[in-house]
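Working notes, beginning with the structure itself.
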Amino acid sequence: MANLVFLRHGESIWNKMNIFTGWVDVPLSKGGVKEAKIAGKLLKSYKFDVAYSSELIRALNTLILVMQENKASNFIKINHDSVKMKEWGKVYGAESINYTPVYKSWELNERYYGKLQGLNKERAKEIYGKDDVFLWRRSYETAPPNGESLKDTYERTVPYLKRYILPTLTYGKDVIVTAHGNSLRSIIAYLEKLNSEEVLKLEIPTGVPLVYNLDEKGLKRLGYLNKKGFDNELI
């Protein structure tokens, strides 16, 4: 048996300001820090063997705050891709084997919003028209100017899920993934076999853990974790 936890980052400063964020590296708001700490307390008894995150600071910071509250897991250590960083990142000593590795990847980044990034959503409607902005936000295949559609996001997140995250889970490792609304939406669409209409209705709340469990029968959704237990409703 193994647990797989998905966590959208806590509220960012631009979430609070209703601004298209995408790949802009915006930090958490004070409310987002609080959300991440609450998530950490809810997950305090989960012993995570491996962590995955996007490369954006709001997701990484959420992971760090969660793991600070976690009582069962080891300290985290980012595993780097480059040869030099791997060498410089080596930790020597008896405690080095006890770190929980963190793998960060751009494939888990938020949907790239192109020319919408940095625009207040109401201002974007004034510039491009509310119908086009609605279409870009709520269609599966239509992308904003110079940006990604949700389908484009799916086509980079799901291969990463298959190549790295799911194999780790099948080895019996407990995994946490901190990412973003649209990158997680596309991953969950794959796991839940949602069609293009269903995935557009899927809303991923900030800072609320979504827990899956893998056993001999396969991967099963337990639901969103809260103080009372699990809420299994997805859409």
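Glycine is treated like the rest: Cβ placed from N, Cα and C.
There are 32 other CB atoms within 10 A of the CB of HIS9 (active site, tele-phosphohistidine intermediate), with all protein chains counted. Positions annotated as active site, tele-phosphohistidine intermediate by Swiss-Prot: HIS9.
For GLU110, the entry in Swiss-Prot reads active site, proton donor/acceptor. Long-range Cβ neighbours of GLU110 (active site, proton donor/acceptor) (same chain, at least 6 residues apart, Cβ-Cβ under 8 Å): THR21, GLY22, TRP23, SER54, LEU56, ALA179, HIS180, GLY181, ASN182, SER183. The secondary structure of GLU110 (active site, proton donor/acceptor), as reduced to three states from DSSP, is coil rather than helix or strand.
Swiss-Prot lists 8-15, 21-22, ARG58, 110-113, LYS121, 137-138, 181-182 with the feature substrate binding site, giving sequence analysis as the kind of evidence.
Residues or ranges marked as site 'Transition state stabilizer' in Swiss-Prot: HIS180. For the recorded site, HIS180 (site 'Transition state stabilizer'), the DSSP three-state label reads coil.
Look at the binding-site residues GLY22, GLY181 and count other Cβ atoms within 10 Å of each Cβ; GLY181 has the fewest.
Neighbour list (TRP14 (substrate binding site), Cβ cut-off 8 Å, at least 6 residues apart, same chain): PHE20, THR21, VAL24, VAL26. Between HIS9 (active site, tele-phosphohistidine intermediate) and LYS121 (substrate binding site), the C-alpha separation comes to 20 Å. Counting other Cβ atoms within 10 Å of each Cβ, the recorded positions ARG8, ARG111, LYS121, HIS180 show the lowest value at LYS121.
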